[in-house]
């Protein structure tokens, strides 16, 4: 029992049974779903000091303050929370779009970590299956919300680039940094991991690359000229069919992960100070309330990011594609990425792989096809054609990652190779300039002849 929980039980004994019941299932076993994502995020959390709450003279106010303390101060990233109201104030006061963009990105970092915390708390009450579904749905809430706002504003290329960047960031940057740092710290020590989970994730990623490559290959196979419009329509229909296939594959993956082969995805146990890490520190109702509240804040900041990305691109002298592919994924997933590196330093590579490969799989097989389906429903022409350069980098990244993880052991050289791949890809998009009309395309680019070169190299 944590210090916060013990303090609340002593002061409010009527709540003790609910907290204990939340921590254990009907047979005394833990009922929560401790996934690699939740364990990674927990590395950035800190224990709250219940003694501060007990000093409040007004007793009815103590549970409220304890709740606020857990939600806002129970993370090492709490220092970044002031960026949230500052971003909103900067937007309302028209202070400057670049400032709004930067403050919104900073504000998204602690919000994303708190969403992970709240979904884990709710999962303690709902059980492992529902908890796993919550983690699968909310694990990349920031990317999904940014993609939906960009989609509704007709910024199709921003949607594609941001989602592509999330996959590349997880496969190359996060995994590469983790393997490199873990290899250096644990030099001379065996660094094993379970290949089964990696094989499942890479297989799904290859399927995702195939589905994203088919519309591109169709466009090149049909050719330009009088058939270009017909090819665009066929490519759009093919993209929607492939998106449905990808969603079905992701549902099958969730059933495989949560029901039939749960043992393959159980993270390594990490005991810290001999305490149980699966404890409910807030109630179910308050968890739902704060999850909805944090999600609304993420939606507000995501709208700010999407609306100010082009003025920021012009002000910083960076292309929209570079900001979307490189900067947004790095900042948006900073908390989760830091947790993956921390567990790699502890030689807990199964958790690291679960975070990196799990996030990449979720983006590729769930968020990308869901964006296409939502665009279809909204009457927006978005396909799975990520263009030649983007699709090629994604294909190579998946293949390099699959070959890197094939032997079941790690060392720092693997991390260096993945990081170098990410640096080269980042340099490629850094020197690439896209016209503003291309970044704001609403699907008209589907009819562009295959010989057209839409990129300008600085």
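Sequential numbering from 1, following the chain as shown.
Heads up, the Cβ atoms here are built off N, Cα and C, so glycines get one too.
Annotation comment: TrEMBL describes 95-112 (among others) as transmembrane segment.
Taken from TrEMBL, the feature domain 'Sodium/calcium exchanger membrane region' covers 98-258 (among others).
For 132-151 (among others), the entry in TrEMBL reads transmembrane segment.
A Cβ distance under 8 Å defines the sequence-distant neighbours of the transmembrane segment (163-188), meaning residues of its chain 6+ beyond its ends; these are 140, 143, 147, 205, 324-326, 328-330, 332-333, 337, 340-341, 343-345, 347, 349, 352-353, 355-357, 359-360, 363-364, 367-368, 371, 386, 390, 393-394, 397-398, 400-401, 410-419, 421-422, 425. Summarising the annotation, TrEMBL assigns transmembrane segment to 163-188 (among others).
Annotation comment: TrEMBL describes 200-218 (among others) as transmembrane segment. Same-chain residues lying 6 or more positions outside the transmembrane segment (200-218) and placing a CB less than 8 Å from one of its CB atoms are 167, 171, 231, 234-236, 238-239, 242-243, 245-246, 249-250, 253, 256, 264, 353, 357-358, 360-361, 364-365, 368-369, 383-388, 391, 394-395, 398, 401-402, 405.
As annotated by TrEMBL, transmembrane segment applies to 238-256 (among others).
Annotated transmembrane segment per TrEMBL: 280-306 (among others), in sequence order.
If you look up TrEMBL, you'll see 288-425 (among others) marked as domain 'Sodium/calcium exchanger membrane region'.
Beyond the ends of the transmembrane segment (318-345), by six or more residues, the same chain brings 37, 39-44, 75, 77, 105-106, 108-110, 112-113, 116, 140, 142-143, 146, 157-158, 161-162, 164-166, 168-170, 173-175, 177-179, 181-182, 185-186, 270, 305, 309-310, 312, 351-352, 355-356, 359, 390, 426, 429-430, 432-434, 436, 439 to within a C-beta distance below 8 angstroms of the stretch. If you look up TrEMBL, you'll see 318-345 (among others) marked as transmembrane segment.
The list of residues near the transmembrane segment (351-376) in space but at least 6 beyond its ends in sequence, with Cβ under 8 angstroms from a Cβ of it, reads 35-37, 39-40, 136, 139-140, 143-144, 147-148, 151, 156, 159, 163, 166-167, 170-171, 174-175, 178-179, 182, 193-194, 197-198, 201-202, 204-205, 207-209, 211-212, 239-240, 242-244, 246-247, 249-250, 253, 265, 267-268, 270, 333, 336-337, 339-341, 343-344, 382-384, 401, 405. The transmembrane segment annotation in TrEMBL covers 351-376 (among others).
According to TrEMBL, the transmembrane segment annotation covers 388-406 (among others). Sequence-distant contacts of the transmembrane segment (388-406), counting only residues of its own chain at least 6 positions beyond either end whose CB sits under 8 Å from a CB of the stretch, comprise 160-161, 164, 167-168, 171-172, 175, 193, 195, 198, 202, 205-206, 209, 212-213, 216, 325, 353, 357, 414, 417-418, 421, 425, 428, 432, 455.
Here TrEMBL flags 412-432 (among others) as transmembrane segment.
Residues 75, 77-78, 80-81, 83-84, 86-87, 89, 141-142, 294, 297-298, 301-302, 304-305, 307-309, 311-312, 315-316, 327-328, 331-336 of the same chain sit 6 or more residues outside the transmembrane segment (95-112) yet have a Cβ under 8 Å from a Cβ within it.
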